[in-house]
Amino acid sequence: MSRARNHLRAALSLLAVSARGAATGVLGQRGLSAWPAPQEPGMEYQDAVGMLNTLQTNASYLEQAKSQRGDPQKQLEAMELFLARSGLQVEDLDRLNIIHVTGTKGKGSTCAFTEHILRNYGLKTGFFRSPGSSPHLVQVRERIRINGQPISCDLFTKHFWRLYRRLEDTKDGSGASMPTYFRFLTLMAFHVFLQEKVDLAVVEVGIGGAYDCTNIVRRPVVCGVSSLGLDHTSLLGDTVEKIAWQKGGIFKPGIPAFTVLQSEGPLAVLRERAQQIACPLYLCPPLEALEEGGPPLTLGLQGEHQRSNAALALQLARCWLQQQEHRDLGELKTSRVSGSWQLPLAPVFQPTSHMCHGLQNTEWPGRTQVLQHGPLTWYLDGAHTTSSVQACVRWFRQALQRNQRPTSGPEVRVLLFNSTGDRDPAALLKLLQPCQFDYAVFCPNLTEVSSPGSADQQNFTVTLDQVLIRCLAHQQHWSHLGEQASPALQSTPQPSGPVPHSPHRGSASSLVFSCVSHALQWISQGRDPVFQPSSPPRGFLAHPTASSGASVLQEAGAIHVLVTGSLHLVGGVLKLLEPSLSQ
């Protein structure tokens, strides 16, 4: 650890800290962006978010969840008790007409497609993203949406304090306490949707399914399972089959459920779970089957992997409409697709115009998102698992092929990366090598290092010391991969379009910065028309790689920047590149 601290101090003195004053306390044990909770709760949005963050889940809560995973009823009973203390019963949730969606990859995109399709039918929609699924990008209000839009600051503040005070008032000496961050936001979403009288609510599972706090829903209208893979293995299990068992925990007796094509093992587990629960489970035909006889479907979200998510969303939306007796459901067609592993095939139908427009107009920031800012093209994808990074790499390389070459100057590729939690950064970075970046940049998921930031960006579970040491480890992994790169990798053909800046592309030079803002300042070199910081920090170009790279970036005809590895990181970048998201 002492060696790691020496490396950390060296990095801070060269690049990561903008001034001597900013380094004060960096190696202490304070949390990132510490935000004092108000002594007297007020009615301001930032006060509400600051108080919410005092409930933030930490390592001890996760350890408790691991120890209790053999007793899911205990977790659900605790959530039901919180629900009752908040003034609701489980039966009240039936009125929300819920679409419940789980999965490892693509469940957020599936929810976004589904919500947008149904909103195109003129329905008032609610959409809840559990904190356990992935982070909010800029503001916590993004997690609770009405008609696709985050609820307003005023509405968030009103509902937060109403729920907080009700739960405070029902604490007693028998052990009743405040719910954790995960549970509180789930309760709050249910209250908002009921009081705002939505026609339906799309609810995304947080972690797993069987033990997730959203699983107190007893009578959803329909359930969905997106693509499965390995994630949260310390909590859900170390095989895809164990994870499939957890995801199948959202199945309910007699409630239809749909899943996409999975590997044989996890699909068999889902089938067995459905049979045990008496849940009718259907396999979604591929999107190609629904396109037969009609024009190709255009998706608002880029990437080939989004077609699977869109196929699941179409089935969920159609099933919901069918059960609500909406007439315009699309024309059923004869299927040429066979079922798999004894799962019945979901209907093959001609999507309606509402469905087509819903798919085409879906937006989901931070997922296969492209921002064109002058000579800089930012590619944002919060991929953080092996399979999602593989999909990200395919999308990024395909996007490069579609780009026109600049009329003057070379094209430069930059990787901006971070990885958190129990994920294997070395494995993820190895998958990114074929993109052959000129520079790899690593920084924590911290927008600014010199100020506490907004309450929306708080994280009490890690220290700045810890995340910077992790970034240095990422840099070491990347350098080690470059040293081991085979001649075959070095000579990998480039996609048509990009002009290599350096013959060493593939074993990029790397840098570590202390925050997202400093990383973006170096990458953009003042050439981004939106991101225009007042002045670079002192000593910004003290490192030789930073100095020489700055000249290359200033002269480049085009700069392609892939931001990936963490949705927290993507959120920090979006906060700076898209200021409207913070308003």
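Placement of Cβ uses the backbone N, Cα and C atoms for every residue, glycine included.
Nobody curates TrEMBL annotations by hand; they come from automatic prediction.
For 1-23, the entry in TrEMBL reads signal peptide.
The Mg(2+) binding site annotation in TrEMBL covers Ser134, Glu204, His232.
Of all Cβ atoms in the protein chains displayed, 25 besides its own lie within 10 Å of the Cβ of Asp381 (ATP binding site). The ATP binding site feature in TrEMBL is assigned to Arg367, Asp381.
Sequence annotations record features per position, and here TrEMBL assigns region 'Disordered' to 485-505.
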If one measures from the C-alpha of Asp381 (ATP binding site) to the C-alpha of Glu204 (Mg(2+) binding site), what distance in angstrom results, rounded to a whole number? 19
Spatial neighbours, same chain, of Arg367 (ATP binding site) - Cβ under 8 Å, 6+ residues apart: Gly108, Ser109, Leu301, Leu380, Asp381, Gly382
If you count Cβ atoms within 10 Å of the Cβ of Glu204 (Mg(2+) binding site), leaving out that atom itself, what do you get? 26
